[in-house]
Every structure is written in structure tokens, then in C-alpha cells.
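Here's what TrEMBL has on this protein:
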type: DOMAIN; residues: 2-104; note: domain 'Epoxide hydrolase N-terminal'
type: ACT_SITE; residues: ASP169; note: active site, nucleophile
type: ACT_SITE; residues: TYR321; note: active site, proton donor
type: ACT_SITE; residues: HIS378; note: active site, proton acceptor
Amino acid sequence: MKVSVSDTDLNSLKSRLRAFKFVEPLENSAFEYGFNGRFMQQVVTYWLEKYDWRQWEKKINSFENYLTRIEGLQVHFMHVKPKKAKKRAPLLLLHGWPGSVIEFHKLLPLLTTSDSDGFAFEVVAASLPGFAWSEAPKKRGFDPSAAARVMDKLMGRLGFHKYYVHGGDWGSIIGHVMAIEFQDRLLGFHTSMPMQSFRHPSILLQMVAGSFLPAGVLFDKRDCDKIYPFFGKLGDLMRESGYFHLQATRPDSVGHALSDSPVGLAAYILEKFSVWTNLQNRFSKDGNLVGPKAAFTLDELLTNVMIYWTTGSITSSMRFYKEDLSIEASSNYASIPSQVPYGVASFPHELIRVPEDFVRKTHPNLLLYTDFDDRGGHFAAFELPELVAKEIRKFVHLAEAFHSAAAKRGRKSEL
């Protein structure tokens, strides 16, 4: 498959951009009210005059892109093989919302390059159904467990009956489901956003008691900072979850607006890449989306927006929230234990951080939990590809040793 957007569609986009209706921001409001109108003027000017989709189209097509049909849905995926490797491991990368496989464009070469021991990954980066070039479900009920089933079938179709998974956001939730439903096939699951049910009785008790006790009694200082001050953390979460309530109840209503306006779509998506990377970006007039503190280039971010725009996938991507809330699949799966080897990279600006002790309650084979203190937010694989690649490699080496030791114990028990 080759990605190819027609000149007609690109010209239509430019016409819509030129018809942009400026929204005057409040004085000194930065990004606290959403995407700042004056900065949006700069974004639109850059989009029209400097951004080059054709160059990014070539970048996307520099990876091997494929389409296959699974359960009646056309599924897109990139399949990147290492050129030289003495040993390789299959790895499935799963993105989230409002992201796409473009989040992995810097991670893919790092993972498929052999290390000093000749080890590399054979990577499959899939577009979730309803995102980008993967077909949107036509019937109700396509929730994370359905997506997990499709992703497992994709790996099986490619000949990978044992494989690793890494994911963030929806990719983390889907990967978590896979680690429960397909424990016999997952060699390990690594994530930057671990799931845990905070309704778990022991967790609730520990959190309540911990709020009255000093650091070091129930939690060390590092874990206390992830949970407390409780109402402060809850307030931040409430401020950032308006989109969730909208998409989990009326995704099609906002979908009409976003599908009709590229500027509206950009404002809705880019704001997340600003604030979810660091909540302090709310107080910057440009959301720290440009300049020396920017986690991403504007070209990268606009390419992600372009993928949603050119594939018309924003509405179907948002329906995922309603399907998940309707069935309550994620909340149920969060409390189910899994024996699959598990790895976590915990970044300081992730929206919800789960302490290691909580993760271990449902993942007894937690082999790696790494805390990062200085940088890193919700889109870790996109923001810090070198660091995430290093963590994935470290985890897989531990998982390989875990499986080797388990195999030896199995052989001894047979004697």
C-alpha cells in the first residue's frame, strides 16, 4: 500500500484554511481556555506557506505499509524488518488517541537496528480500526477487547504466534486486554501508561490511609508525588477530561464540526499534544508547541492532523470512547490479574501515574518499573523515542531471561 492524497484534496484543504475564522483570545489567557487564537493564526500561516505534506507522505511510504482484512475490516499496518540481526523478536506497537502510527516514525529505526549483541526487533505498527487507514467499524460494540482480538489475529496472520507488545493511551488499554485474553501468546507487555483499578479494596484503603500518614510509611516520596495531593491530582484530571465525557456520550455531534473544519480539527488535536505533554504548557501563549522547549516539531504535529483529515477518521476514532464506556470493558479488565511479563516506564507528566506497588497487585511478573523524574508526558514514544526504545530493549531482555528460566524449571519438573 502507498499513501497518496490527491492534489484536489490538498487544494480543497488550502481553501478551507484560507477561510479560517479567527477567534480572539482573552487577554493573558495562554492555553488555559483551550487553543490560543493568536497562536492558531501562526499555525494556519505555517500550514499554508511552509508545511509540505508531500515530504511527509514520502516519509510514511518509506516504511512498508500493508492492508489486510480481519473480521470484515480493512486493517492498515507498517511492517518493518531489521536488515541485519543475529536474533530478532516480534513487537507490536499500538498508538492511542489523538495519535496515529506517525508517533513511531523515530522509534521504528531505533528498534529495528541491531544492538551490540546483534539483537533487533521485527516491528508491526498497526493503525487501530477507525483510525487513519484502518477501516471504521460499521456496527456498535467495537470496544478495546474487540480491537485486542483483531490485533492478535493480525500478528497470527503474519506468523507471529508469540510476540511482545508496547503501547500508550488506547494502545496501553488494548495491550492490557491482550495480556489477559492471550496470555499464552504474549511474551510480554510494556507500557508508559499502566492500568489499575483504583476501586480495588486494598488500593482504596492504602490510598486513604496514606493521605493521613507521612511519606515513607505506606509510600515512599516518589510514589506519594504520584498520588497526592489527591484533590489537586483529581482537579487536574477533571480539567483535562472534558473531551472524554463528550466523546464517550456524543462523539458524532462534535465529529461533524471537526470533519468539516481543518482548523477546528487542528485546535482539538494539537491542544492535547501541548497540555498532555506537560500540564504547565497551559500557561504558555504558544502551548510550548514551538521553540526550544517544544517536545515535537510543528511539522510532526501537523502530519498527525493531516492523517486524521485526509482519511476522515476523527469521528470513528472518537466513537471508541463511547463503545468502551457503554460496555465498561476497560474498568473490568483493569482488576483482572495477568501472568504475562510486564514492564512500565513511568514518566512525570503522564496524566495518571500508578505506583509500582499498585501495578504489582495485578501483574505479579512485573519485571521492570522505571521512574523518570525530569521529562516525559503522555506521548512518550513520540517525545522521547531513544529513551523508550532503550526501555523496551531492557524489558525484553529481562522477559527473555524470565522465559528461559521458566523453560528450565519446566524441564526439571519433567525429569
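Positions of Cβ are set from backbone N, Cα and C atoms, glycine also.
All features noted in TrEMBL, drawn onto the structure.
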| residue | record | Cβ within 10 Å |
| --- | --- | --- |
| ASP169 | active site, nucleophile | 25 |
| TYR321 | active site, proton donor | 20 |
| HIS378 | active site, proton acceptor | 24 |
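When the alpha carbons of HIS378 (active site, proton acceptor) and the residue listed as 'active site, proton donor' are compared, the span between them is 17 angstrom. If you take the Cα of the residue listed as 'active site, nucleophile' and the Cα of TYR321 (active site, proton donor), they are about 12 angstrom apart, rounded to a whole number. Sorting each residue of the domain 'Epoxide hydrolase N-terminal' (2-104) by its DSSP state yields 38 helix, 22 strand, 43 coil.
Within the model, the domain 'Epoxide hydrolase N-terminal' (2-104) carries an average pLDDT of 97.
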